[in-house]
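Structure record follows, encoded as structure tokens.
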């Protein structure tokens, strides 16, 4: 997940908004809705988005409450139309992402025994997906991860969940930008590029230019104009996996490296890389709500996590055997540069971050716009939204160029944030919401998982932070 990011949430709410609009048109010929209003409704999931203008009363012939009831019925039909197979494809697509670049490095660094940690975390995260579904069963009105947090612990629970979500989005975008920087440098390794007045290296200049090219996408209001970009992540994953396999089969690289059995001292650092690879839980409630038969959500989780874990483990062993101790934290940078498949994989990795900025920022942008005064004009809201997004993106660029250590930033993201979203909070929510109906063995299991998550998060955060600081000090002293 990939960190992950909120693609399915955005797509489902866009689709739902369009469905509701169609329904209300059958009751009312007059529809008042500008793009900002649609954006706000997409995030807030309000009931009758075609019936109300901003700051105006409902003009439907029937009462507003009646319109809401009609909309609620159609909303269920608009959302709950995903089959079992469709849901598996969606969940798998949400999970596979940036983390797969680092699994070969993590396996080589931690030893082949660390694959048990990778698989174990996959099993645990699948279980946490299952109990999120149980929480949603308890309150059908809950529609998102933050709703479950509010159901469990009130406003504090919602605030904690939202804070972790936005932290993960921000830190994941920093990692994406570092990946963009590293892969751009390799793509243009033989090209001379320099601007006399800019005190930046070639790779820094190229990265800055790429980010500036992507920056205007943050000013888009129509979410449907960028929702198709979410398919790029899954496509990139397939390209990378195929490219690594082709390198071993046709590229002349022999898989003859020996993977060490266990490097225990490296386990805390790589645990963050592993957990980040499963960071998709923030969108699972939306997947649940989109299913025709939500009772099959647990089966969807089992199948999806099995597929993803198999892909991660296969890619990890394949990359570690092919490149050994020289394997890069990003597997694409270890591949022989002269091969066509390498160039394809590099370009796929370069283009992906440029499509992520608008998608990842959109939920925050819509929330920001929703919180602005209703009396403010649409143009002013657009300027504020675009300006805030642009400033955030430039901050992300500055951080990525200042801290260009992909594996340490990704590991820190996993240990500091993703472990809470994927493991600790789901167990805590489940215990609070379903306390009276949980058997003693399950109570013990969930408390054990929370303790394990806290331990893994603390030691992983300390380890990755130390390595990050160490590399920064080395860079400055050099």
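Cβ atoms here come from the backbone N, Cα and C positions, even for glycine.
Annotations in TrEMBL come from automatic prediction, not curation.
Annotated domain 'Amino acid transporter transmembrane' per TrEMBL: 82-463, in sequence order. Under the heading transmembrane segment, TrEMBL lists 112-133, 159-180, 200-220, 227-250, 270-288, 300-324, 344-362, 382-403, 409-431, 443-462.
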Chain residues outside the transmembrane segment (159-180) and at least six past its termini with a C-beta under 8 angstroms from it:
2-6, 98, 101, 145-146, 148-149, 153, 207, 210-211, 279, 282, 330, 349-350, 352-354, 356-357, 360-361, 363-364, 392-393, 396-397, 399-400, 403-406, 409-410, 412-413, 416-418, 420-421, 425
With the transmembrane segment (200-220) as the reference, find which of 270-288, 300-324, 382-403, 443-462 contributes the most Cβ pairs under 8 Å.
382-403
Kindly say whether the transmembrane segment (409-431) and the transmembrane segment (270-288) touch, using the definition of 3 or more Cβ pairs under 8 Å where each pair is 6 or more positions apart.
yes
Recorded stretch that, among 112-133, 344-362, 443-462, has the most CB pairs under 8 Å to the transmembrane segment (300-324):
112-133
What same-chain residues lie close to the transmembrane segment (443-462): Cβ under 8 Å, and 6 or more beyond its ends?
124, 127-128, 131, 268-269, 271-272, 275, 411-412, 414-416, 419-420, 423-424, 427-428, 430-431
